[in-house]
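Residues or ranges marked as transmembrane segment in TrEMBL: 82-101, 139-157, 169-196, 217-241, 261-279, 405-427, 439-460, 495-518, 591-609, 630-653, 701-719, 731-750 (among others).
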Amino acid sequence: MMEEGGTEFNTYPVVRRVNSNHTIIMDADMETAIRTFPNMRTKPYTPLIFRILLRLNVRVLFLLLLIAFGAIFYIGARTSPIIVFVISVCILSFLLSIYLIKWVLAKDEGPPEMVQISDAIRDGAEGFFRTQYGSISKMAMLLALVILFIYLFRTITPQQEASGIGRSTSAYITVAAFLLGALCSGFAGYVGMWVSVRANVRVSSAARRSAREALQIATRAGGLSAIIVVGMAVIGIAVLYATFYVWLGVDSPGSMKVTDLPLLLVGYGFGASFVALFAQLGGGIFTKAADVGADLVGKVEQGIPEDDPRNPAVIADLVGDNVGDCAARGADLFESIAAEIVSAMILGGTMAQRCKIEDPSGFILFPLVVHSFDLIVSSIGIFSIKGTRGSGVMALAEDPMAILQRGYSITIVLAVLAFGVSTRWLLYTEQAPSAWFNFALCGLVGITTAYIFVWITMYYTDYKYEPVRTLALSSSTGHGTNIIAGVSLGLESTALPVLVISVSIISAFWLGQTAGLVDETGNPTGGLFGTAVATMGMLSTAAYILTMDMFGPIADNAGGIVEMSQQPESVREITDILDAVGNTTKATTKGFAIGSAALASFLLFSAYMDEVSTFAREPFKQVDIAIPEIFVGGLLGSMLIFVFSAWACSAVGRTAQEVVNEVRRQFIERPGIMDYKEKPDYARCVAIVASASLREMIKPGALAIISPIVVGFVFRILGHYTGHPLLGAKVVAAFLMFGTVSGILMALFLNTAGGAWDNAKKYIETGALGGKGSEAHKAAITGDTVGDPFKDTAGPSLHVLIKLLSTITLVMAPIFL
């Protein structure tokens with residue numbers, strides 16, 4: 001026996017397959033060298049707050065939690081029974097997540113070589129997360145000071161003036177909400193990463209026994225992250241709302257009206273969007289630069305399999321899956337839910353005020369209740385996926401995608417029922433007894449839109465359908481035809497989603513408008529709130545959607561661990577199946593995110609116009625693009641989308657070049673790597689990608705934040721001298737409108753094209769068109785390489801950018817006037 005780092009290895013020669021053409025024999029010394037992986041850091045990272053909590057006595061910790069929950073429930077009870085219901089559901093969901101944590105961590109981690117690889121991935125991911133979020137937190141504090149300065153010198157609304165809320169109070173409230181939103185968004189990202197780096201090795205180990213067990217572990221691990229992320233978004237807004245309600249004495253004589261309270265929450269959505277953008281940019285650059293570098297040198301130049309332990313960039317690639325696809329996506333969905341809830345609360349309060357509804361709390365708190373039911377129905381959907389007895393690939397009696405789709409169908413049916421109950425409970429009013437039914441139909445429109453979006457994206461990205469197979473066939477005639485076919489597929493794929501979004505917005509607006517709610521002059525006022533309800537319907541299964549999204553990178557990591565630890569081919573077959581399904585689920589959830597971003601942005605745009613009208617104390621209901629300055633604002637908004645996408649993709653390209661050069665250098669200077677006689681320097685590649693991605697994320701992120709502020713301020717000055725006081729606000733509205741439309745189309749193109757290229761490669765790797773190593777496979781790898789920054793960096797960052805533009809204009813509206 002031979003011992004290395006406390007781990008024993010057999011001394012008999014081991015035969016390992018290099019590719020389909022030849023094998024290589026290596027002895028135990030080589031095997032040991034390959035199977036020992038260095039830690040990227042000296043000790044695992046645990047956030048400060050968790051280190052403090054872990055040092056506390058269990059009884060003291062229990063007492064502190066009891067006091068905290070008691071205070072939260074007391075504030076909730078002082079506010080509304082609805083808040084108590086929301087907080088209760090969130091806490092029960094957190095208890096369920098604790099059960100899931102214990103269930104996932106109870107699964108075995110497999111042999112020592114799997115654990116070593118998993119530890120290297122975990123240390124790399126946690127090290128990068130710590131550095132990245134340290135940089136983001138510094139930028140967030142700087143921006144908080146800017147917001148404080150602006151709000152201390154801005155004008156206040158008539159409602160705030162009447163209720164006695166001065167500039168300083170308004171400033172501190174907005175900054176506190178911004179920092180809380182940023183903190184919660186960062187925590188959501190940490191949860192996604194924490195779960196994925198612990199679940200990946202357990203899925204790998206389960207794949208040695210049963211495909212269905214591996215599927216169940218990956219799904220429940222993804223569900224654990226999803227429940228915590230959605231629960232954090234909901235309880236964060238609920239507690240903030242209740243705290244402001246009690247502190248400001250809302251609805252008491254001479255104080256703020258409850259219908260104006262949601263405007264104080266816009267900082268929360270902005271903070272969440274701010275963190276999500278930089279998390280998505282940094283994580284996306286990291287994961288795709290490492291992936292591109294590993295594929296170009298390893299698979300194309302050296303002809304070694306994906307995730308082969310001889311590839312120096314393979315650990316960086318696997319780390320990237322966690323920081324890009326898990327941490328960033330957790331923060332992304334968190335800010336989607338936060339922005340949608342805040343905008344819907346604002347519109348609900350505005351409509352209730354115009355209609356003189358006696359108790360407007362139901363219309364304001366309705367989004368929180370919808371997402372509370374989301375936690376319940378999604379949990380049922382997650383637990384509907386069970387393991388089965390048996391072993392090997394045959395234990396998976398049906399397509400894993402079909403199993404996940406069945407869970408989604410269960411969630412959808414329950415969501416429809418829950419939505420009907422919610423609308424009847426909260427949106428029933430004597431002024432319009434049938435209005436709740438119209439709004440329930442609006443919710444059904446949103447739920448149907450989400451379902452259709454998932455299927456459209458699946459059609460264009462799953463290799464079971466014609467578009468991806470046609471793309472794969474184009475690879476047989478070369479690299480150029482593959483690129484042409486992929487670009488054309490991505491462009492075509494924008495049509496159906498746009499038609500679905502258009503029908504959804506018009507249908508929901510019409511249903512809301514005909515609900516029977518009218519203002520003092522008899523004009524119907526429910527149209528915008530109808531679109532808000534449709535958006536809530538679309539996001540009413542967000543926890544299950546995030547579960548499917550998290551499933552992808554966990555399965556991908558599991559496949560990498562299996563390949564690097566050189567498990568039998570039958571185990572790799574199982575993880576390959578799950579990985580291919582994960583690619584499809586990631587693509588479908590990105591399509592879902594774009595659709596929800598489109599609807600949420602429409603709401604935020606309406607909320608922006610209402611806020612400008614409030615501050616300006618004059619109507620602001622339309623934007624005339626025939627005015628040259630306003631048309632120019634629209635052009636600048638569209639330009640931002642293209643420049644932002646270009647900078648995001650070029651950031652991946654520059655970082656990937658560094659990785660390619662490093663991997664080539666190691667293969668040249670360490671020729672024994674290919675014969676398993678020398679071990680690659682994995683840590684060097686991780687360090688290169690980490691430092692480069694942190695550097696590269698600044699420029700596109702700064703562009704996104706500064707552009708609307710500069711445009712609004714410059715045209716405000718121009719309007720002042722030309723006698724048009726609202727010019728700055730109108731130009732920003734056009735900037736926002738054009739940027740949103742261009743961003744939706746660009747994100748659809750990038751996400752779908754990238755996902756299709758990826759699965760075309762996966763389809764060929766199943767043995768079609770010559771299989772691995774064929775000329776068609778090499779062309780498909782080129783297409784996948786081109787698509788990597790599309791689908792995992794620029795595309796996901798764009799739908800975060802769309803909502804960031806909306807929230808930043810809401811927060812910064814006073815400086816445009």
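For all residues, glycine too, the Cβ spot is worked out from N, Cα and C.
Sequence-distant contacts of the transmembrane segment (405-427), counting only residues of its own chain at least 6 positions beyond either end whose CB sits under 8 Å from a CB of the stretch, comprise 82, 219, 362-363, 365-366, 369-370, 373-374, 376-378, 380-382, 384-385, 435-437, 439-440, 443-444, 447, 451, 454, 533, 537, 540-541, 544, 548. Each of 261-279, 495-518, 591-609 was scored by its Cβ pairs under 8 Å to the transmembrane segment (701-719), and the highest score goes to 261-279. Counting Cβ pairs closer than 8 Å and at least 6 residues apart in sequence, the transmembrane segment (591-609) and the transmembrane segment (217-241) reach fewer than three and form no contact. Across 82-101, 139-157, 439-460, 495-518, 630-653, stretch 82-101 shows the highest tally of CB pairs under 8 A with the transmembrane segment (217-241). Residues 165-168, 170-172, 174-175, 178-179, 182, 260, 263, 267, 271, 274-275, 278, 614-615, 705, 811-812, 814-815, 817 of the same chain, all 6+ positions outside the transmembrane segment (139-157), place their C-beta atoms under 8 angstroms from a C-beta of that stretch.
Packing against the transmembrane segment (82-101) from elsewhere in the chain are residues 69, 72-73, 76, 195, 220-221, 223-224, 227-228, 230-231, 234-235, 238-239, 241-242, 361-362, 365, 368-369, 372-373, 375-376, 379, 426: each is 6 or more residues past its ends and has a CB under 8 Å from a CB in it. With a cut-off of 8 Å between Cβ atoms, the residues of this chain six or more beyond the transmembrane segment (261-279) that come close are 132-133, 135-136, 139-140, 143, 147, 157, 170, 173-186, 189, 233, 236-237, 240-241, 244-245, 248, 250, 327-328, 331-332, 334-335, 338-339, 342-343, 345-346, 348-349, 364, 607, 611, 614, 697, 701, 704-705, 797, 800-801, 803-804, 807-808, 810-811.
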